[in-house]
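Have a look at the structure below, then the notes.
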Amino acid sequence: MAMHGAPMYIAETCPGEIRGTLISMKEAFIVLGMLLGYLVGYLAVDTVGGWRIVYSVAGPIALIMAAGMWWLPSSPRWLLLCACKGRGTMDLAEERAAAAIRRLRGTGVHEQVVSHQLQETRQSLEQVQNEASFSEIFEGGSLKALVIGCGLVLFQQITGQPSVLYYAAAIFQSAGFAAASDATRASVLLGFVKVVMTLFAVWKVDKLGRRPLLITGVTGLVLALFLLTVYYAFVQSFSALAVIALLLYVSSYQVSFGPISWLMVSEIFPLRTRGRALSIAVLLNFAANAVVTFAFSPLEAAIGTAATFLVFGIIGIFALVFVIIKVPETKGLSLEEIEEKLSR
């Protein structure tokens with residue numbers, strides 16, 4: 001539920017010029033949480049029942065998240081959408097939406113900014129008189145956005161992300177990190193790389209744009225998968241190659257599919273169908289994650305490790321072509337401008 005709601009809420013409440021940075025920050029804090037988990041696991045690895053310590057550290061953080069969300073106002077766009085669907089009057093919705101914008105942007109926000117956002121959102125909702133039907137998601141601009149969003153979250157998983165990360169322990173063991181404490185130290189290194197590269201994406205996403213980060217990252221991801229193929233097929237004695245390929249894969253993923261997929265799916269869907277369409281994308285993402293996770297071992301047993309990574313690499317080439325051909329640039333555009341762009 002949080003993976004569904006968080007990017008949509010951020011996209012609907014923040015200015016377009018920093019939307020990419022703020023939604024990417026969500027991914028940055030996720031990987032920061034992973035790094036915290038790796039660190040706590042490393043410190044508790046020799047403690048009997050140490051897993052309890054890991055969970056006890058995570059609990060208070062969840063409470064802080066819950067308290068913070070309770071304090072935040074509703075999305076101004078959601079308030080206006082409710083009025084368009086007959087849940088309350090438009091005058092009251094506009095008053096509440098304006099108050100939410102002032103609270104989210106700070107007391108110094110110019111009234112012209114508030115009026116402009118309200119007007120822009122009203123215009124995008126002019127045709128909304130009732131609840132969107134499920135079939136509407138598969139029509140016009142909604143269908144175009146659904147193809148882009150679902151394609152991104154699908155390729156995010158079927159390029160091997162779950163399998164490569166789950167295989168990280170074996171790769172580190174082959175490089176000499178055999179003991180449990182060694183493996184946890186290697187996990188901390190992996191978590192640190194994920195955080196650094198995600199912060200790079202946060203820093204650059206609103207400067208460079210979504211497409212350059214996706215194209216560069218997916219290219220690096222494909223190269224890493226082919227390096228893993230070469231390692232397992234020909235040079236297993238050269239374990240440093242596997243570690244380099246693993247770190248390249250993680251780095252490339254964290255500047256591309258990691259943050260940018262969630263950013264894109266939170267901003268490309270029309271407001272009328274956004275909730276349902278984003279739910280489909282999230283469902284597809286976790287379903288693909290489960291399929292890749294459970295299929296990896298049987299696939300590896302059937303065709304071998306090298307061929308498995310080769311398959312992921314070939315899928316990565318298709319992902320790169322998909323990004324180049326299908327994914328639009330949304331840098332600096334408001335949600336309403338993106339909706340108009342995709343409806344052409």
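Each Cβ is built from the backbone N, Cα and C atoms, and glycine gets one as well.
The shown structure was predicted, so the numbers you read here are calculated from the model rather than taken from an experiment.
What TrEMBL lists as domain 'Major facilitator superfamily (MFS) profile' is 1-331. As annotated by TrEMBL, transmembrane segment applies to 28-45, 51-72, 186-205, 212-234, 240-265, 277-296, 302-325.
If you look at the transmembrane segment (186-205), the same-chain residues 6 or more away from its ends with a CB under 8 A from one of its CBs are 20-21, 24-25, 27-28, 31-32, 34-35, 37-39, 41-42, 168-169, 172, 177, 213, 246-247, 250-251, 254-256, 258-260, 263, 331. Residues 3, 7, 19-20, 23-24, 26-28, 31, 148-149, 152-153, 155-156, 159, 161, 164-165, 168, 171-172, 174-175, 190, 193-194, 197-198, 200-202, 204-205, 210, 213-214, 216-221, 223-225, 227-228, 230-232, 278, 281-282, 285, 327, 330 of the same chain, all 6+ positions outside the transmembrane segment (240-265), place their C-beta atoms under 8 angstroms from a C-beta of that stretch. Contact count against the transmembrane segment (28-45) (Cβ pairs under 8 Å) is highest for 51-72, out of 51-72, 212-234, 277-296, 302-325. Listed as Cβ neighbours of the transmembrane segment (51-72) (distance under 8 Å, sequence separation of 6 or more from its ends, same chain) are residues 2, 9, 33, 36-37, 40-41, 43-44, 104.
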